[in-house]
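Among the features that TrEMBL reports, compositional bias 'Polar residues' is placed at 9-36. Annotation source TrEMBL lists domain 'ABC transporter' at 65-305. TrEMBL lists 1-43 with the feature region 'Disordered'. TrEMBL lists 392-415, 427-449, 506-526, 533-555, 628-653 with the feature transmembrane segment.
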Amino acid sequence: MPRLHNEQVHNGITTDAEDQQNISSNGHQTISSGEDNPQLHGSIVEFDSSTPPAIGVPNSYSLPLSWHRLSYSVGKKRILCGLTGTALPGRCLAILGSSGAGKTTFLNAICDRLASGGELKLSGRRQLGDCEFERHFRKAMGFVAQDDIISPLSTPYDALWFSLRTRRGTGRAETEERVQEMLSVLRLRHCRGTKVGIPGLEAGLSGGERKRCSIGIELICDPKILLLDEPTSGLDSVTSAKVVHLLRQLSRTGRTVIYTIHQPTAEVLSYFDDVMLMTQGRIAYHGTMAASLDYFESIGFPCPSKYTPTDYYMVLLQDSVTSKVLIKRWRKYLKNGPRTPHTAAVRFAKSRSESSAARFLDAYIVKFGSSPAVQLYELTRRRMMEISRDSLYLFSYTAQAIFFAVVVGLIFLNVRANVEGIQDRQGVLFLIVMNRVMSSTFIMINTFNNVRAVFMREQQAGAYSPLMFFLGRSFAEFPVQILAVLVESCILYWMVGLHRHPGSFFYYFGVIALLSQVATGLGFAISTSCPSLVVSSAMASVSFMLLSVGGGLFASTDRLRPYWYWLEKPSFMRHAYILVLRNELHNVPHIACDYYRWGDGYCINQPRDGRTVMRLLGFDGDAQSASVYMWVSLAIMFFLLRTISVIALVVAAREKT
């Protein structure tokens, strides 16, 4: 088994004792430049099959990642300016620089996560081994964002299981085995059943545990290159050191590990292998951590004894004048032609078979992906587990339905079959329809916006298709939505005293249930089409206002003509209102009138039955075809709004990927 820069690898993980041996007396890691070891800088490092690999790392190839003249600009502003370098397998590359130096942009650029087109321009070459970078090579890379974007209701076990099943499609037995091993490697076994939670809002994992869980979500899929953006952000010094030490151990399994970092402590610094210093979108140094001290001393910037090297480098990089000098000195240094890790890797890569890495990548990437059935099952299963754990979600659904039913039922308790009762029936039925549209729409808007970031991250990782995401959530939430409608209907229908017949009740329940699903589709369509919760809420309010105006109670058809008549056609609120009103009034054969109270003249001009009321309202009371039209209209809106939702999800996913 080859030695990796004076470090012996045992079972893919270096021991703490060996780490200490690699730290010199001044507290800095002593690592050779690798010039005496051509295997290190090759395009492919082969591991000895006699040594058991670490978790999720088969005996296979490891690939360096190189970039040449990589640039990125937004309009006239250049964010990355001709970067050239290489990250080697078996080593950690730390990218340092002040805020705005382009570290995160660079990390996104090398894994093809940056948008391009129009004013956004990405240029330059990227290579995996000896292969030009192609879009599908991203499957060989794992990306851990600065923010730990994990479903707060999931546990570490759930998150790892879901990631492996959807992205690799492994069997249940193999998935269970690999998840248990990963929990041990990441030291998460003690909290495997703890919800991730939301920092500051909902109790859950600690910051370090959340970070290790985020790493595990990518690591369990066996990426050959692991990229991390600020993995120590928000962590204390001890936890930061543990995370960086873990990354170093993972690199010793043959992976290429690259991460950005800001102001590392002395202990964190001791785990660096290679370092790339960035300023103003350019490179000020790129090489081994040990060699950096000699390099900066050679160009006239020796590190004072009171500084750690990285602290001193950050001071230099933050000075605009000094940073420009450093950029020029580095260019001059490269121009003179010394052997650097980058040039050594490129030279050795060219000496190998041009098709070896390509064959490995093609065979490796084909293992990724899962069937639509697996995706749908896992998405539905995850959402159902989240609902079962979210007591507030279940309570809000059922409590709102019960509260509304009881209050409205008491106000309209046992309406009579007289003139006042007909007016009450019209009012309470429209109130029921209006409430069901509002609650279903806004609940869906809130629930999707809570998982928007998770959906985007999983789309970038290629975990599942947007269609399966939509279907999975729809199937999981359908029972809860129907249960809420059923509870509300059972209380409200009988308290108000609507037509007391089982057939009429189930007809009413069917209309309200279908209306609930249409309104849910509206909420999904709005939330997936709008970029934020604020915009979604504003759009929902406007939509609700238009639906209400055309709903059939506030404005007659004559009032809406000629300019606003079109509001009636797409108003599914109107269609549902007419159906439930017809279901009730068609069963009112006689409308009583109090002659002593209103007088003969008033009562003579009042409608005699419910069908007459429907005709006077312009709802075509005797036309059975009208009822069919209303049902078909609701069904069309059901499918139309869901289609819009899926299209919006696909568009949003493509913009991020």
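A Cβ is built for glycine as well, from the same backbone N, Cα and C atoms used for every other residue.
TrEMBL entries are annotated by machine, without manual review.
In the predicted model, the domain 'ABC transporter' (65-305) has a mean pLDDT of 89. Each of 392-415, 427-449, 506-526, 628-653 was scored by its Cβ pairs under 8 Å to the transmembrane segment (533-555), and the highest score goes to 427-449. Counting residues 6+ beyond its ends, the transmembrane segment (628-653) has Cβ neighbours under 8 Å at 455-456, 459, 466-467, 469-470, 474, 511, 514-515, 517-518, 521-522, 524-525, 528-529, 570, 572, 575-576, 578-579 in the same chain.
Nonlocal intrachain contacts for the transmembrane segment (506-526), taken as residues 6+ away from its ends with a CB within less than 8 angstroms of a stretch CB, comprise 432-433, 436-445, 448, 470, 477-478, 481-482, 484-486, 488-489, 493, 498, 536, 539-540, 543, 572-573, 576, 579-580, 583-584, 634-635, 637-638, 640-642, 644-645, 648.
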